[in-house]
């Protein structure tokens, strides 16, 4: 034979996404496309979308993990914007990162000024005597 054709050639390997290669859940291909279309730079390296997707995935996991605590405290199984607000505002670093962000339906942190709290008096002791 002259060696033409595909008689004994290897089968092509199954396609593997860049997200699965990097061990991520966030879409590396989509992040790469958005970086190219966003006119952030003339060229985008191969490692940049992987790194950015990993950072976004980490931040999302961190916020959702912290938001699960207020949800559990309120005996809820679904995280709502209020739980996200409480999680972010009670965490020092996340609050600094998202300080200027307004979360719709998030509400405010419960806070009562010390001046407005009722004063502790000795009336209890006077009544006991």
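Using N, Cα and C of the backbone, Cβ positions are placed for all residues, glycine too.
Predicted, not measured: the structure shown is a model, and the values here were computed from it.
Positions annotated as compositional bias 'Basic residues' by Swiss-Prot: 7-19. Per Swiss-Prot, ubiquitin cross-link is recorded for 14, 16, 120. As annotated by Swiss-Prot, phosphoserine applies to 2. The feature N-acetylserine is assigned by Swiss-Prot to 2, with similarity to another entry given as support. Annotation comment: Swiss-Prot describes 6, 37, 75, 96, 119 (among others) as N6-(2-hydroxyisobutyryl)lysine. Per Swiss-Prot, the feature N6-lactoyllysine maps to 10. The N6-succinyllysine annotation in Swiss-Prot covers 10 (among others). For 96, 119, 120 (among others), the entry in Swiss-Prot reads N6-glutaryllysine. What Swiss-Prot records for 1-22 is region 'Disordered'.
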Relative to the Cβ position of residue 14 (ubiquitin cross-link), how many further Cβ atoms are located within 10 Å?
5
Nearest by Cα to residue 75 (N6-(2-hydroxyisobutyryl)lysine), of the recorded positions 10, 37, 120, is 120
Helix, strand or coil at residue 14 (ubiquitin cross-link), per DSSP?
coil
